[in-house]
Amino acid sequence: MTHSTPLAQLAPPRAASPASARLTRRQKPAIIVRFLLKEGAELPLTDLPDPLQAQLTTQMGSMRYVDRSTLADVVAEFASELEAMGLTFPRGVAGALSALDGRISPQTAARLRKEAGVRQFGDPWEQVRAAPPDDLLDILSRESTEIAAVMLSKLDVARAADLLGRLPGDRARRITYAMSQTGAVTPDAVDRIGLALAAQLHDVPETAFDDGPVERVGAILNYSAAATRDDVLTGLDETDQDFANLVRKAIFTFVHIPARLVPADVPKITREVDQPVLVTALASATDQGGDLAAAAEFVLGNISKRMAEALREEMQDLGKVKPRDGEAAMTDVVNAIRTLEARGEITLTVPDDEEEEENA
């Protein structure tokens with residue numbers, strides 16, 4: 001015969017005692033916070049709005065002690081309110097934006113954030129510390145020496161040292177000296193500076209494109225005919241040579257395979273590309289000579305000897321390849337390499353400036 005074990009049940013909330021009933025709505029939270037802190041609880045009080053933090057601190061400072069019975073009644077009342085609570089909402093627009101992050105359009109989120117202001121619940125410096133290093137470096141370059149000194153003083157030592165090392169020497173020296181003068185800066189001034197810097201980090205202009213102009217132009221030229229690509233790059237050299245050099249770095253075509261593909265990754269390419277397409281690309285590149293022929297030889301020289309011989313035989317049997325067919329096949333090989341890179345199966349090396357000048 002089985003015996004059932006009754007489930008534990010919560011006792012109904014007790015009626016407030018006369019002592020508890022005399023406490024105000026400010027005194028009860030102060031008692032709860034003091035009790036939880038005494039028990040070792042970690043309370044994120046910085047998430048509260050500043051006025052509530054001030055009220056709580058003032059209230060705790062004005063109280064002396066409560067007896068055990070009153071403490072028990074206040075805790076029981078607090079627990080009862082928690083049990084009766086079904087759902088909570090984030091406080092303010094900032095909290096709602098955090099809860100809806102990724103679920104509303106970036107344009108709407110940016111507009112609401114700007115209208116509500118950038119102050120979140122707590123220290124705006126947390127937003128500054130969490131910003132990417134390049135964004136912080138841009139602020140250090142644009143802001144006054146005094147603001148830059150305060151900002152570096154609020155960052156952790158390792159990050160501040162990294163940013164300081166990336167600044168020009170004269171600028172770094174002026175900021176370092178200004179840091180020695182920050183002792184008289186008031187907490188209110190530091191808070192205002194943090195708000196201003198956080199506003200700059202949030203005030204990023206909306207853009208219509210996910211990628212920058214260099215990446216977009218490079219991607220287009222990757223798929224363009226060689227003659228078109230060369231003509232466009234020549235024109236860019238005449239109008240904006242710096243931009244042209246950046247575009248050249250973003251371009252990856254068949255001729256760049258030896259410089260950017262690790263030899264050990266070449267066999268992965270042969271498995272990704274259909275063999276007839278690979279044969280057409282290698283045959284066309286070999287026929288055209290120069291850097292294209294060198295790229296074809298690089299591929300053949302970094303696969304098994306048996307496969308290389310088989311591909312060479314098929315290249316001879318194929319005969320003369322039409323330029324359009326050859327270029328299409330080489331584009332397919334390049335696309336396969338890009339696909340493998342996107343999947344993380346291979347890594348393309350980034351050419352330095354000297355290599356770019358040699359290949360130009």
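A Cβ is built for glycine as well, from the same backbone N, Cα and C atoms used for every other residue.
From the options 1-23, 24-46, 93-115, 254-276, the stretch TrEMBL describes as region 'Disordered' is 1-23. Residue counts for the domain 'Flagellar motor switch protein FliG middle' (133-206) under DSSP, helix first, then strand, then coil, are 59 helix, 0 strand, 15 coil. For the domain 'Flagellar motor switch protein FliG N-terminal' (23-125), the predicted model reports an average pLDDT of 83. Secondary structure of the domain 'Flagellar motor switch protein FliG C-terminal' (235-348), assigned with DSSP and counted as helix (H, G, I), strand (E, B) and coil, comes to 92 helix, 0 strand, 22 coil.
Applying DSSP to the domain 'Flagellar motor switch protein FliG N-terminal' (23-125) sorts its residues as follows: 65 helix, 0 strand, 38 coil.
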